[in-house]
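**Student:** The structure under discussion is supplied below as structure tokens; questions concerning it will follow.
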Amino acid sequence: MELTFHKYQGTGNDFVMIDDRTEAVDLRNLDLVRKLCDRKFGIGADGLIVIRNHADFDFEMIYFNADGSQSMCGNGARCAVAFSSYLGMINGKTRFLAIDGPHEAVLTGDQVELLMGDVKEISPKANDFFVNTGSPHHIRFVDKAKEYPVFEEGKAIRNDIDYAPGGTNVNFVESVSPDEIFVRTYERGVEDETLSCGTGVTAAALVYGNKQQKSHIKINTPGGKLSVKFNSNPDGTFSKIWLIGPAEQVFSGKINL
Ligand SMILES: N[C@H](CCC[C@H](N)C(=O)O)C(=O)O
């Protein structure tokens, strides 16, 4: 079977995208997911995104991490919006469905503004924090993030018994200025550091913004620049959380399965 794919990246978080409106892809075939994402034996990506029609939304995005596990993916969702526009399914604005529920997004040039789900709380975790922004995130503030042992420390926290059985993503955050941070992320399901993580920088921005009393945070990542703006509510929840950044089609191709 020959499969057409498109490769996208959002601030260095990269994805194999498949237009599966014919529903030809067997979503139970996790060996297929792992093969497509394999950087030596397949196309190579942090994750796979399958786009399907949905009666109540412009499209549905189904996200798989490279290991076949599923979660919400912020950068992937931004790339899915750009891909659905490329396919002619949307025109600038969209309302689509992901694993964590409905999302709105606006595409302006190569910038995608993605409305994330509301966040109920920021939980303290020893000297760190935990936030669920559609996927789980441990947040640790460090002095020199560029020199921090992200793989070793991230893997240890990701596998901490406190997070069993599902685990968590882990973000190491350095303050740059009152409204700017630098973030490196160890991603569950990729089981390595990725160049950026959309739900992760969103979680980091909420924690930092809450501390700094700021509602618009700029985020630098090894893969590029993102920003997050949000409302802090009197009950301690967060809403109108927008994740903003670029999404780019890198190449397309066909693969024989
Ligand atoms: N690895 C994450 C999902 C992808 C998150 C990341 N790629 C993003 O942009 O949000 C998890 O298993 O929860």
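Using the three backbone atoms N, Cα and C, a Cβ is placed for every residue, glycine included.
All TrEMBL annotations are machine predictions without curation.
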**Student:** Report the candidate from N13, N256 that shares the substrate site with N65, G74, N75, N169, E187, R188, G198, T199, as recorded in TrEMBL.
**Tutor:** N13
**Student:** Out of C73, C197, give me whichever of these active-site residues has the highest number of other Cβ atoms within 10 Å.
**Tutor:** C197
**Student:** Between C73 (active site, proton donor) and R188 (substrate binding site), how many Å separate their Cα atoms?
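**Tutor:** Each residue's Cα considered, C73 (active site, proton donor) and R188 (substrate binding site) end up 11 Å apart.
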**Student:** Quick one: pull the CA-CA distance for N13 (substrate binding site) versus C197 (active site, proton acceptor), whole Å only.
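**Tutor:** Cα of N13 (substrate binding site) to Cα of C197 (active site, proton acceptor) measures 7 Å after rounding.
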